[in-house]
Structures are given as structure tokens and as C-alpha cells.
Amino acid sequence: MASNTSRSAHLAQIITENTANIETYRREQGLPPLSLGPDAPLDVKYPPNVEKCRRAVIDATLELGELATGPVELRLVPGWAIMTMFGVTQFICDFDIARQIPLAGDISYEDLSKAINVAVPVLRQVLRAGMPYHMFYESRPGHVAHTATTKVMASESLISDWTSLYTDVLFPASAGLSKALREEPTASDPSKTGFMVTKGDGESGMYMYFEKHPEEARRFAGVMEAFQKDEAYAVRHLTDSWPSDSQTGKLVDLGGSTGAVAFALAEKFPGLEIVVQDLPGALEAAHVREGKNVSFMPHDFFNEQPVKDADVYMFRWILHNWPDGHVQRILRALVPSLKPGAKVIVFDEIMPPAGTLPLSIERYQRNIDFGMLTLFNSKIRDIVEWKEIITQSDQRFNVTGVRYPENSRLSLIEIVWQP
């Protein structure tokens, strides 16, 4: 491995060259220089070649900053930063600070204090703690205004929902993980997750908890909606990679909600007859569309599958939410209904081998994986784990193919029932 000095110089060069490419593109497009100031564009989408430069800058900056910080400070400083950012962010969410401050202009600490009923000295102390992390800034003495990162919380409801979710759900779940693992060392029970031991009241899992807490359920649904809008989770990745020999016949979409995926498949493959199954509450907003061969059926996928002899049974972005034992129960519930040669298609996340991704993407994937553990006692499985859990469910399940659509976070696992 190269010395830290040569590695540092190399990283600095990556940052310089790729930042120049990004700034050149922005100038050519009439965009301002990179900034988190109040007038900065909130969400710039780059073409693939420029996005590659952006990702290179992010990864090199992360690594170079940590090399310069050193091992001791890396263990001491982030804890303070995480504590501060969490506390300030929770304060911003709980008191709806982002919406109290005008999108254009500023507000005095005195007026903000009256609006939220928090004393000026304390209000100033909390907000100033967040300012080094780009949360608001003092536009003039005694006044506070938005940065781009707080403006988006006021103007984009999905961002606001996500921010509230990680202060009210994700952080408490993480804090409860150790306690949960002392109670359930195998992390196999959805009722004994970090989230459930921290916030639960005897429910069998997080979704049952949400049934009693509709506002938290609404925020969670909003965040899932935001994920679905991300290009990396676009439905077209599934339709484009759909097996050519499964474009006609009967398809059962388990956990298909209101049928967005089913209708996309029906549009592209009119020879499919699709049955969407989900719990009754999830189907309340579902509507049959004229001319589309899609129907809806209430069903709990832990129970025996009522649709017999379908050609394909599909789980899109479902099984990662469940511990291994529960995934096996879900798959075994299909068995009495499967005909020889029937397919099960799993379209879900597959964790790449450790250390093979760029640093920022590796951290993102591991963050999601850790979140699955703290919320559901589940995981983002690698392909070996997927194959093991499938064949352990029943040896007659045969994994016949795996497809990794370009630019998709979800991959397609094709399983054939061979009794």
C-alpha cells in the first residue's frame, strides 16, 4: 500500500481535477458555483459523466479528511458531531423551525423565540450549534436565515418527513440495538429489534406499531415514496430485466400495494394476467384500471398462497424487511400452490462483497443494512446469503439466474420450482 503522503497527494489531485470538471459543467449550464448558501439550487441532476466526477470528489474528500484527522480524533470528534447534529436536528423538527423562518429574508431571535416559546439565549445556543453543520446562518446580528440545507426542509415535505423519521425512528432504533441483542442475541424476532425495545409496547413488529401511531406511519410512507422516486429504484429496471420466457401467463405480485409495479408490467407485457396481493389496509387505495389485466386480492403472504398454478410469483423490494426465518416462512407458504416449472422472482437489494464499492456508496449500503437490523432484525443480503435462504426454505427451489440492471439498486433473482 502506498504511503499516506503519496495517497494524500493522489486524493488531492482527484479532488482538484474532478471539481474543475464539475464547475466547468455548471458554468456551461448557467448554474452558479457549488454552494450551500440560501440561493443555491436545491437539487441539481448531473449527466452520467459529471455525476462520476461528483462521486469521485465525495469519495476522495471523505478519505482525505479522515487521513488528515488521524486515528485518535476519528474516534473522539465524530461522537460529538453526531450528538450535536442529532440534537439540533431533532429540535428543528420538533419545533418546526424550518417553517418558522421565511424562505427569503430572515427572522430575529426574539420573534422566533415568541413563535416557539423557547427563551432567546437557549434558542440562540441551539441554533448556533448547528450552524457549523450548514443548518441556518446569522444573516445579520440577532437574526437567523436559511441555508440551502434547511430551506429544503421547509419547502420539500418528503425531506421534512425523512428528517423527522431519522430523529424519531432511526436514531432511537440504533440506540436500542445493544439492549435488543441482549434480549435476542440471534436477531431473529421482529418484535425485539432496537426500534421495538425502545419505542414498542408489545406489538409484534414495527408495522404493527405504526398501526397505533398513524403520524409516524404517514412519515414512513412518505419516505418510502421518496425512495421509489429515486431513479435507482425506478420500476423500469424491473420491466427492462424481466425474463423473456415469463412475459405471458398468470403473475402474482405479493406485497404489491396499490399496483404501481403491476400496472407497469401490464403496460409492457399485455399477455400477463396479474393478481396483486397485500393486506386489506394496503389495498384500500387500489383501483382497477380499464384495459389493464390487473386485479387485487387481500392476502397475508405468511399464509398459504390461494392462487394455484400461477406461472410467476413475485416479491419486489419485500423480503429484505424480514429476518431469515420469516423469509423462509413466506417462501414455504407458496409451496402448496406451485406447479412444476413455476417461477419465483425476487427483485431486491443484493449487497456487494465488502470493500468493493466506492467509499461513499459502501457507507450508504452499510447504513441501509444497519437500519434493516435496528428496525426489522433483517439485512441486505449478499448473493450467497440469498441463495442459502432460498434453498434452505425448500430444496426444490432452484436459483437459475441473477441479473444486475445497470444503475439500479435492486437486482433480479430468478427461482424455478423443480419438484
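Numbers run from 1 along the shown chain.
Glycine is no exception: its Cβ is also placed from the backbone N, Cα and C atoms.
His320 (active site, proton acceptor) falls within a helical segment according to DSSP. The 10 Å shell around the Cβ of His320 (active site, proton acceptor) contains 22 further Cβ atoms across the protein chains shown. The active site, proton acceptor feature in Swiss-Prot is assigned to His320.
Annotation source Swiss-Prot lists S-adenosyl-L-methionine binding site at Gly255, Gly256, Asp278, Asp300, Phe301, Arg316. Counting only same-chain residues six or more apart in sequence, the Cβ atoms lying under 8 angstroms from the Cβ of Phe301 (S-adenosyl-L-methionine binding site) belong to Leu254, Gly255, Gln277, Ile318, Ile330, Ala333.
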Fewest neighbouring Cβ atoms within 10 Å: which of the binding-site residues Asp278, Asp300?
Asp300
Integer Cα-Cα distance in angstrom, Asp278 (S-adenosyl-L-methionine binding site) to His320 (active site, proton acceptor):
16
Specify the secondary structure state of Gly255 (S-adenosyl-L-methionine binding site) as given by DSSP, simplified to three classes.
coil
